[in-house]
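A short worksheet on the structure shown next.
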2 protein chains.
Amino acid sequence: MADISSRVDSDRVLADLNALRAIGAYKTGVHKPTFSEPHLRSLAWLVQQLPEAGLAGEIDGIGNVLGTSTKSGPKLLAGSHLESQNHAGWLDGPLGVVYALEAARVINPDPNIEGVVEVAAWCDEEGHFGHFLGSRSYAGGVTEADIDAARDRNNGRSMRDALRDAGLAGRVRVRCEQGRHIGYLEAHIEQGETLESSGLKIGIVTSIVGIWQYRITFTGEQNHAGTTRMAIRRDAGLALARFCVDVDNRFPAACGPRTVWTTGRITLDPGAPSIIPGAAEMLFQIRDDDPAVIARLEELLHSMAAEVNAQGRCAVAVERIRTGTPARMDGSFQQAIEAASAAFADGKSLRMPSGAGHDAQILSTVMPAGMLFVPSIGGISHHWTENTADADIVTGAEVFVDACRRLLAQ
Amino acid sequence: MADISSRVDSDRVLADLNALRAIGAYKTGVHKPTFSEPHLRSLAWLVQQLPEAGLAGEIDGIGNVLGTSTKSGPKLLAGSHLESQNHAGWLDGPLGVVYALEAARVINPDPNIEGVVEVAAWCDEEGHFGHFLGSRSYAGGVTEADIDAARDRNNGRSMRDALRDAGLAGRVRVRCEQGRHIGYLEAHIEQGETLESSGLKIGIVTSIVGIWQYRITFTGEQNHAGTTRMAIRRDAGLALARFCVDVDNRFPAACGPRTVWTTGRITLDPGAPSIIPGAAEMLFQIRDDDPAVIARLEELLHSMAAEVNAQGRCAVAVERIRTGTPARMDGSFQQAIEAASAAFADGKSLRMPSGAGHDAQILSTVMPAGMLFVPSIGGISHHWTENTADADIVTGAEVFVDACRRLLAQ
């Protein structure tokens, strides 16, 4: 093992990550929405690095970068994404891309290793324009009509305009070649505090949880906030607040050990200080890797809504707007990561599900897939203060490259 | 009394109200934000009607219409407003203006009556640009700097731009002339269901409640909605929902008999479905005519906030952003309306406070003021379905004109 370890260039890995952090820097993080200038510059940066790893590639017609090799032997695909959430962290995405690049730089020129690592940066994993449009395009799940319909949720710019402005209009979208790869490996920061709080270095992802999303709407009666007595009000905002609290009180008895639920957005209509809200809406999300748990919680949600409707003051409707599918990570990938952790991280690893969505869940529909996590300081994620200790970044790179070697050797 | 009654032209009153309803019609209501084209057209319509009532007037430098007379004798000022809330009712404002116009048309040419009714339409009672800017300008409470700072809350257009676009830039703002008027009388729809549910026709306003407004902000920790376990979350949105429910549970034991409170707007930050809100804000309002009740409720609000802060999960701050002053209506105005109700509404009147704010509260700071209400069907207000039966509109007009006559005769 020692000879592989010696060939991971930890300074190079950290320098690459900092180079990407400097493009679109925001405080100690980055602000690189999909197809923003710093995102496009980051993609161009990656394309420039590929030849050093024996790969050729360019940005395709949906903003994916694919670095491919003509070398014979088994091929492992590895990567992540380069755009960020708004004003978010420097490692969410770039870590997995730089690990993949480092694995390619270490493994591809090595005459003693049969096979290659190919590198991918999937566009829009962070969902500025949709759900995993880049990796879904590669897996064959995005139509031209999907692209026609996609718009930037921040500013309404259409994806067609964004592609045209980026000079990508009319380029071919690279599709997955059946049988080309033995599988896909992705590294990511944990985005939680399980590893950190347990003193562990590597998370071996067993599954990626599904996301179920609901629009819950309340209808009361809009009226004057000064003249309408409390006793006769039908305040949709208050009904919503009571529902949120009720969810928080009743879900724990019905959920699974790792279920999470979130009300991320609340809108009162009309939203004026002197008007009793006649309508209110909440966006509500549940994540779990067990569809049976979701079914139980969804039933609870509907029965809670029925109780509110039976009271008759306000009406509530629960509409599922997104249905999740948990993705199982491949067993042999988990074993390879575990063995590499034993070799390079003192065995300080833990098998765990991923609460966040990742491109690996899309790739798992077309090839075996695996993921590894490195610790996140304080578990902070989707915020510019997100960070991971340099030593943990380096350990992760060593485990990642060794896992690639093991997978190619199988 | 019969000769006065015969001179209120009920068809003319209803025709005028319907003419104003046709300007900026929205379903069965109207959409006439301040300084919108239909609002300006409504002001121009009023200016055209003034000569028939023996009055001269134009739109002043803040959008008020003042119809004045050179006739000798006591002068009573009467009016209301012509702009509407967004997509709101047809009578909220116009009713009081048309009653005032009708009183002027009936009384001013009458050689047997000494004195005149002067007519006002106050600009922006509905607060698109601020709080009672029109009537406050007339009362001397608006500076040029206030106008510089005022912006349309719907679209951000500055009041200066709106005045310029309306051709009103540079016009003089008419100010109240000390001693000119014996007082101010305003009619309005009730905007509640007290009169309707009691089978009454006239509300005699005793006081206009004060409005106290608060910005209540919650600070938690923004984090990933998939990877952050429920147990360690600091969800500012959930803290807000719990606070709303807590207010609703605890205020009834501390409030007065007619206190009302409303959470009209809720904002979660960043407001994305996959992010735990790190911050949340609610706009909260309390109305009462007794400052001692407000003091008690404000203390409760602060102690509830202290409890949340003591729990340590999220921080909450309560900031008072508007301080109300209840306005007492003049006793002799109340008596005049009561006597007129006895004569023209079978005495079906009730003394009651106004839960809504009105220009009369501003005018009451510079002259005696009074208000009367007519019933609202279903108590609906600030919504396009707002309405009052034609018969009740006519009864209200007869009571209003007779009250004007009685006040001028005093």
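Backbone N, Cα and C atoms are what each Cβ position is placed from, and that goes for glycine too.
Since this is a predicted model, take the numbers as computed values, not measurements.
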Quiz item: Need a hand: TrEMBL gives B:His81, B:Asp92 for Zn(2+) 1, which of B:His188, B:His224, B:His302 is also on that list?
Solution: B:His188
Quiz item: Over the domain 'Peptidase M20 dimerisation' (B:209-310), what is the model's mean pLDDT?
Solution: 95
Self-check item: In sequence order, the binding-site residues (B:His81, B:Asp92, B:His188) whose C-alpha falls within 10 A of B:His382 (Zn(2+) 2 binding site)
Solution: B:Asp92
Quiz item: Do the binding-site residues B:His81, B:Asp92, B:Glu126, B:His188, B:His382 include any whose Cβ comes within less than 8 Å of a Cβ in chain A, and which?
Solution: B:His382
Exercise. Name, in the order they occur in the sequence, the residues of the same chain whose CB lies under 8 A from the CB of B:Glu126 (Zn(2+) 2 binding site) and which sit 6 or more residues away.
Key: B:Pro33, B:Thr34, B:His81, B:Glu83, B:Ser84, B:Gln85, B:Ala88, B:Asp92, B:Gly93
Practice problem: State the count of C-beta atoms found within 10 angstroms of the C-beta of B:Asp92 (Zn(2+) 1 binding site), not counting that atom itself. | Solution: 27
Quiz item: If you draw a 10 Å sphere on the Cβ of B:His81 (Zn(2+) 1 binding site), how many other Cβ atoms land inside?
Solution: 31
Exercise. Take the domain 'Peptidase M20 dimerisation' (B:209-310) and count its residues per DSSP category (helix H/G/I, strand E/B, coil), listing them in that order.
Key: 41 helix, 34 strand, 27 coil
Quiz item: Which residues, same chain and not among B:His81, B:Asp92, B:His188, have a CB within 8 angstroms of the centroid of the CB atoms at the recorded Zn(2+) 1 site?
Solution: B:Ser80, B:Leu91, B:Gly93, B:Pro94, B:Leu95, B:Gly96, B:Glu125, B:Glu126, B:Ile189, B:His358
